[in-house]
Structure formats: C-alpha cells, structure tokens
Amino acid sequence: MKVAVIGAAGGIGQALALLLKNRLPAGSDLALYDIAPVTPGVAADLSHIPTPVSIKGYAGEDPTPALEGADVVLISAGVARKPGMDRADLFNVNAGIVKSLAEKIAVVCPTACVGIITNPVNTTVPIAAEVLKKAGVYDKRKLFGVTTLDVIRSETFVAELKDKDPGDVRVPVIGGHSGVTILPLLSQVEGVEFTAEEVEALTKRIQNAGTEVVEAKAGGGSATLSMGQAACRFGLALVRALQGEEGVVECAYVEGDSEHASYFAQPVKLGKDGVEEVLSYGALSDYEKSALDGMLETLNGDINIGVEFAK
C-alpha cells in the first residue's frame with residue numbers, strides 16, 4: 001500500500017506525514033512531495049521513527065516519483081488562510097495548484113484514490129474532477145473532498161458541551177466544507193439532547209471553527225495540526241477499505257446522486273474501489289432542513305466556479 005502526501009512540507013503535510021508514519025499498516029510505503037527543497041529532509045527526519053513504514057521525500061517541480069504506484073494520494077498543497085481571508089480568497093492560488101496536480105495524477109496514477117484537503121474544497125474537488133474527466137480517467141468513486149475536520153470538530157465540541165468521551169460521539173456532517181455549507185446533523189447524535197439555543201450556537205461554532213484558529217494563531221497560520229489528524233483519520237479509513245475491511249464509513253465531499261448539488265458531503269461507505277455506496281444522511285430536524293435549503297445557492301455557486309475554471 002503506497003500513500004502519497006502532496007504538499008508534505010507545509011503545516012498540514014508535516015503533521016499528516018508524522019501521523020501516517022506512526023499509523024499506516026506495517027509494510028506500507030509513504031511518499032512525501034512538496035515544491036519546497038526541505039521535503040527530502042522532512043522524510044529523513046521521519047525515517048528515524050521506529051515503525052515498519054518506509055518513507056521517501058521528493059522536492060522540485062515534478063511530483064511524478066511520489067505519485068508512481070500510489071494507491072492513495074492526499075493533497076494538502078497550496079497557501080494557508082491568513083486573518084481576514086476566507087476560503088474563497090485562497091481560490092486564486094490554490095485552484096491552479098490543484099489543476100496541475102490533477103493533470104499529473106491523470107497520467108501517473110489514474111486509478112489512485114485522491115483526497116483533496118486544499119481549500120476551498122467546495123471548488124477544488126470539481127476542478128480535479130473536470131481535469132480527470134478531460135483525460136478520460138475520471139472515476140467518481142475515487143475522488144474525495146476531505147471534510148473530516150468538520151466531523152472531528154463536531155465530535156469534540158459536542159463532547160465538551162455534554163461531558164462525553166469524544167471517542168463515543170458520532171456526528172454526521174453534510175453539505176460542503178466552508179461557512180454556511182457545513183451542516184452538522186446534531187439531531188442525529190445518539191444519547192444527547194440539545195436545546196434550540198445549543199443547536200444554533202454549536203452549528204455556528206463548527207462552521208466558524210477554522211476562523212477561530214486563524215485568529216488565535218494571530219497571523220501565524222491556520223488549522224494545521226487538527227487538519228493533519230482529520231486527514232490521517234480519512235486516509236487510514238481509505239487504506240483499511242482498500243485492503244478489504246468491511247463497513248468503513250466516513251463523511252466526505254463526493255460526486256454522488258445527491259438531489260441538492262452535484263458534489264455533496266455526506267456519509268459514504270468505503271470499499272476496495274473507493275466509494276462503495278453513498279449513504280442516506282437520514283431524517284433532518286426543521287432547523288437542519290432550513291440550514292440545508294439556505295446553503296445550496298452558495299454550494300452550487302462554489303461548484304460552478306470550479307467547473308468553469310477547469311474548462
């Protein structure tokens with residue numbers, strides 16, 4: 001099993017690489033790529049950790065050696081958010097980066113499962129899909145927007161509020177991966193009750209959690225460590241499913257058969273070919289129905305920007 005981390009010298013990439021070096025199954029290969037010359041050094045540093053995972057790092061303009069033979073590609077390349085920026089401000093730089101990486105993937109490892117972390121995810125995933133479609137290698141079961149950070153934040157905040165073990169809390173999060181498009185389904189959390197005020201406050205906190213971190217870091221970056229953890233959780237779930245484990249379910253932003261938008265985050269069952277089944281997100285509360293209706297114009301607008309950019 002080969003996993004490639006693209007953008008591996010950045011804050012998310014280094015955190016993700018550290019976690020994967022520790023947690024990938026024995027015998028796995030971990031490849032790190034970044035344009036930054038430090039990348040082989042990041043791999044050398046991580047190679048001293050005593051786990052049965054081999055690691056190599058590649059720098060420069062060409063990600064080909066990292067992508068060759070990859071089963072899973074996790075893309076965190078791009079610029080990070082600064083105070084005052086929203087995820088859409090990242091588009092101008094990151095859209096081009098994702099487009100060129102997707103063009104490489106189409107040639108070098110067209111059958112790999114690709115998880116996109118680079119923001120704005122609502123838009124970068126459609127860009128990658130359009131590139132892969134043009135190349136004739138698109139498989140919608142194998143392209144994911146990684147929205148797991150919204151899930152782990154939801155689990156953490158609910159556990160804090162209700163004095164639960166976060167490991168026992170499950171919160172499906174649907175929609176997209178920015179602002180109002182993030183919709184945690186708090187009505188489906190088992191074993192807890194929320195007041196209307198709690199639902200509203202929690203939903204807003206989850207939607208704005210990225211900004212909370214950007215502001216707390218005071219210009220020094222965005223959510224890198226928690227995002228690394230979220231991407232690791234998603235990447236490991238993919239690896240387990242590809243290796244034949246049954247019943248692996250995570251939320252992800254995929255091209256499915258959603259009636260709401262051509263790309264939509266919801267629970268997906270993972271299997272040996274990527275998405276085995278897009279699962280129903282179940283019954284919504286009135287608050288959630290209203291929030292879903294209210295986000296769709298934004299979400300569909302984000303998707304269209306990506307499709308147009310890739311033309």
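Quick reminder: no glycine exception, Cβ is built from N, Cα and C everywhere.
Values in this document were obtained by computation on a predicted structure and should not be read as measured data.
As recorded in Swiss-Prot, the features of this protein are as follows:
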BINDING   Gly7, Ala8, Ala9, Gly10, Gly11, Ile12, Gly13, Asp34, Asn94, Ile117, Thr118, Asn119, Met227  NAD(+) binding site
BINDING   Arg81, Arg87, Asn119, Arg153  substrate binding site
ACT_SITE  His177  active site, proton acceptor
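Here the features listed in Swiss-Prot are placed on the structure.
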| residue | record | Cβ within 10 Å |
| --- | --- | --- |
| Gly7 | NAD(+) binding site | 26 |
| Ala9 | NAD(+) binding site | 24 |
| Gly11 | NAD(+) binding site | 19 |
| Arg81 | substrate binding site | 20 |
| Asn94 | NAD(+) binding site | 24 |
| Thr118 | NAD(+) binding site | 28 |
| Asn119 | substrate binding site | 27 |
| Arg153 | substrate binding site | 24 |
| His177 | active site, proton acceptor | 29 |
| Met227 | NAD(+) binding site | 25 |
Pairwise CA distance, Gly11 (NAD(+) binding site) versus Arg81 (substrate binding site), rounded so that it is a whole Å: 12
Proximal residue to Arg153 (substrate binding site) among recorded positions Gly13, His177, Met227 (C-alpha distance): Met227
Recorded positions near Asn94 (NAD(+) binding site) (Cα-Cα within 10 Å), from Arg81, Asn119, His177: Asn119
Secondary structure of Met227 (NAD(+) binding site) (DSSP, helix/strand/coil): helix
Asn119 (substrate binding site) and Met227 (NAD(+) binding site), distance between Cα atoms, whole Å: 12
For Gly7 (NAD(+) binding site): DSSP state (helix, strand, coil): coil
Pairwise Cα distance for Thr118 (NAD(+) binding site)/Arg81 (substrate binding site) [Å, integer]: 11
Spatial neighbours of His177 (active site, proton acceptor) among the binding-site residues Gly7, Ala9, Gly13, Arg81, Asn119 [C-alpha, 10 Å]: Asn119
CB within-chain contacts under 8 A for Gly13 (NAD(+) binding site), separation at least 6: Val5, Ile6, Gly7, Leu32, Asp34, Ser76, Ala77, Gly228
Secondary-structure category, per DSSP, in which Arg81 (substrate binding site) falls: coil
Nearest-integer angstrom distance between the alpha carbons (Cα) of Asn119 (substrate binding site) and Ala9 (NAD(+) binding site): 17
Among Gly7, Ala8, Ala9, Gly10, Gly11, Ile12, Gly13, Asp34, Asn94, Ile117, Thr118, Asn119, Met227, the record's NAD(+) binders - longest CA distance, Å: 18
